[in-house]
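Worksheet for the structure shown next.
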Amino acid sequence: MVSAILLARTRPGTELAVAALAAQVEPPERLVVVDVSEQGLDELDELYRPAVAAGISVQSSRGSGSADPRRSLQAVVEDLREHTGRRDLLWFLSSRCVPEPEALRELLAVMGRGVAMATPKLVDVEDRAVLVRQGLQVTRAGVLVPTPQLGERDQGQHDGMVDAVAGPLEGLLVDRDSYLALGGHDLRLGDLGADLDLGWRAQRTGRRVVVAPRARIGVAPSPDEVRPGLAHRAQARRTALARGPWWAYPFRAVGGAVLGLLAALSLLLLKRPRESRERLALVRGSLDPRTVRSLRHRGGTALVDRADLDSLFVTRGAAWQRSFDDLRGHDSRSAVGARELEPDRASALLSPVPYLVIAAVGMAAWAGRNITGELRHRFDAGLVGGELLGGRATSTSLLAMWRDAWNGGGVGAATERSPAYLILAGLTWLVEHVPGLGRLDSPAGVALAMVVLCALPLAAVVAYRAARVVTGSRWVRFVLALGWVSTPVAAAAAGQGRVGPLVALILLPRIGAGLARACRASGTFSDSVRTALWAAVLASLMPMLAVPVLLVGLGLLLLGSAPRRLRGAALLLLPPILVGPWLLTLRDDPARLLTGWGALRVGESPQAWRLAAAAPGGPGEIPLYWYLPVAVLAVLGLLWARRPLAWGAGLAVLVGTAMAVGSPFVGLGEVPPGAPEAGMPMHPWPGLGGLVLALGVLTLAGLSVSAWPAARSRIWSVVRTVPSLVLAVGVAASVVLVAQQSFGEELTTWREPRPQVAVADAESLRSGRSLVLDSRPGEISYQLVGREPSDLVRDLPTAPSDEGVAQIVAALLGVGPELDQPVDQALGAWGVGYVVAQEPTAEDAAALDAAPGLRRLGASAGNVTWAVRPTAAQDSTPSRARLVGEDGEVFLAGLGDHSDAASVELPAVPADSQLVIAESLDWTEHALVEADGEPLVLDTRSSMPTYAVPEGTESVSVDLGDGHRIWKLVQLVVLLLALYLALPTERRAEPVVSR
């Protein structure tokens, strides 16, 4: 016998529920209406008439009227007359339930032997194709994971669900004897907690809870069914604790509270306050003392082991996946077509991204066949040639280069370094920790080589994603991205190892798209922060290309609405702040604003008309008439596309053309003496303007393709494809021609010019230096090489601090005046222990052989090495510091980068001794030299840092300190804050409940 117990809260809902009961194919024999409304229902006879007409016995009772109608159920069930010899079943309904005619029959069909409860499928009463709930889903720890989610379309995807840990009260068909044996609902656990607890206890006592997916009941969704509320989450956690072992309750409660608190704090840091509050609800549920009383409410003897119920609970992995989807804002409840229920095996084949990567990698690999051929023979030191200078550098040395007040190769300088060194240090650290690479001669060189090799494919993918602001067509974006990496300026940057322009090739499309979104009403603050972060990276390498970001930010700040002003503030303030103390270098040397890493042109530039076509000269030059169709499309895009983006792209074309054509007229001085190509004029690389020009032209071309009106006839549809075909043919031709032309042979693998003994001496406690000479007809270049890294990519050179070394080189090769002291003593004074001549002429080799104190060691790969052993120092190996007294001089050991040392032990120090350090006089402005903890006084009459050392001194120390330490700490703090603000906060809206 079936007794329907209807919890009546509202009269309209009760009328619908009674009418639905009367319309059942197999109606219940008895209807018990429990009035739980606040004021009470009137005219009950009229209300019950449909049920009476259907032959249903009706009786009513007055409930407690409390917020939870379950408080009235126990007494109502106990008062029901028992039918001997028949199974009594209870069908719990509420006034918001509208069962479908087949609902009760389908529920009865699954109420077999051993089944205590059957739960139906709850659907939206206004749209029966929308799922609301189907049982209760929870993890073993009490985390609610509703499956299905409200709003998901019912296509039978959950009909395979057979057993459930529990079901909601509404629509639940329950065996009366089982309900009484279990002791009914434990109201101390709350409404959802009581429902979950009832089913959980039934399963433990061997009574099954099954799902009847064909039994459908329409309900008006509540907010807690849209997304479980905090109270329900706490109740589920309390239920999980109550149904666990009583002896483990304290440990599970405390452990769950700690984990929940940590999860809440983590989600708060990820800018997910709602999810954080939900985790705090689990903490509240874990620490609720009322759970202790529910531990004793068992309701029968447990017959089923807890482990046997594991299949009823949501797995930990599924719960984590749901949480991850919530963090990403992923909405799995959107409607899907019938075909989408089948695996879409063709989706990967239809996406342009794999083909784009294959095309870009193929073009870059074939065009760079000479580069990759070199790297196959030697990969552990990176590349040299073009704008890559080569050299040894590790992540630690690069970090020190950015951090220290005195830094750089040779004798160094007091120049604040770009944050790009910090970024390169991070990339180098990753290279150092790649398994299988072994010991690398120059991890930083390998990192830069990877940037050169991977720049074009990565730039293509970034451009493809960024082109969404131009067009929604995936294949047009594919063509635009491929065209972006096959321009002459991209080929020249890759072939000459221009790291800064290659990074600009990667970042410019993303930054341009970010600026376009920031100007739109639909833009978001977090996206603008991410744009500002990428602009800061670009500014650290190519400061001039970050200026448009600042201008757009200023315009939004002054002219935009409130949201736009906030985005403008991020674009205007973050890049300069993140650049940090390097602003001082740009202030003192404004010419650096026009250059960057690999953005310097030495010598003559191509003709102006080639520069205006984004062809800066160098490898990868192809006939420019292939770009004429793209240029025509760009003009049409400027005329047809009535979008602000078109005018912005047109402005970029004008600015880029002016930058490219005007670069040969901007003089940046001459290459300093001692460097390769000394005396040659320096100019900004015209390819910087070429990049801006190419970005604007391709944007306009994409707008032109997407601006054509929709096809209204077959002929017009054919005509409409012409622009796309023109763009595709032009880009395909450029890809083939650039690949065939190749990136040239300027880049090759870097080889250490010094012998291993010189490298070991530099990295030892002596921190010795080597003088590397390269003598060519009419040109002598030299470099002091020590343990400190030099510039790995050519940039605007700094003022030299080793003027005395040039005189030593001239005297050493016999092309300059004699020195006031022997050459070996002069070299030893600078800490030079080895002289390396690269492919010396016979005259140079003879001059070096004849120099006093120099001993030829041998030759390797065309380089000849001489050891410097000054006679005044008893033929010992020079170091950075020496103690000079009446009995001669003694070289000291224990110095680090640029003679920084925590403590250097001294031999017996006689009276009138002096400490001489092989650095420039400018070095003394940043160094604190102490003897036994007392500062030493600088002798201002010497040409090198010289300090009088008191007799009997045991040790000296040298402290260079960090450059602008507080400023750099603030810089790092702002970076962390910006990374936090850059986390996306936008989410998909939850389904709206209007009832």
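Even glycines carry a Cβ here, placed using N, Cα and C.
No curator has checked TrEMBL annotations; they are predicted automatically.
Keep in mind the model is a prediction, meaning the values are calculated, not measured.
Listed in TrEMBL:
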TRANSMEM  246-270  transmembrane segment
TRANSMEM  349-368  transmembrane segment
TRANSMEM  444-463  transmembrane segment
TRANSMEM  475-495  transmembrane segment
TRANSMEM  532-559  transmembrane segment
TRANSMEM  566-584  transmembrane segment
TRANSMEM  624-641  transmembrane segment
TRANSMEM  648-668  transmembrane segment
TRANSMEM  688-711  transmembrane segment
TRANSMEM  718-739  transmembrane segment
| task | Might you confirm whether the transmembrane segment (532-559) is in contact with the transmembrane segment (718-739), defined here as three or more C-beta pairs under 8 A between residues 6 or more apart in sequence? | result | no
| Long-range neighbours of the transmembrane segment (475-495), counting only residues six or more past its ends (CB under 8 A) | 352, 355-356, 359-360, 363-364, 367-368, 386, 452, 455-457, 459-461, 463-464, 467-468, 501-502, 505, 509, 598, 613-622, 624, 630, 687, 690-691, 694-695, 698, 701-702, 705-706, 724, 727-728, 730-732, 734-735, 738, 741-744, 746-747
| Considering only Cβ pairs under 8 Å, which range in 444-463, 532-559, 566-584, 648-668, 688-711 makes the most contacts with the transmembrane segment (624-641)? | 688-711
| request: State the non-local partners of the transmembrane segment (444-463) in its own chain: residues 6+ outside its ends, Cβ under 8 Å from one of its Cβ atoms. | output: 353, 356-357, 359-361, 363-364, 368, 371-372, 375, 379-384, 388, 390-395, 398, 424-425, 427-428, 430-431, 437, 480-482, 484-485, 490, 493-494, 497, 499, 502-503, 505-507, 509-510, 747, 750, 789, 792-793
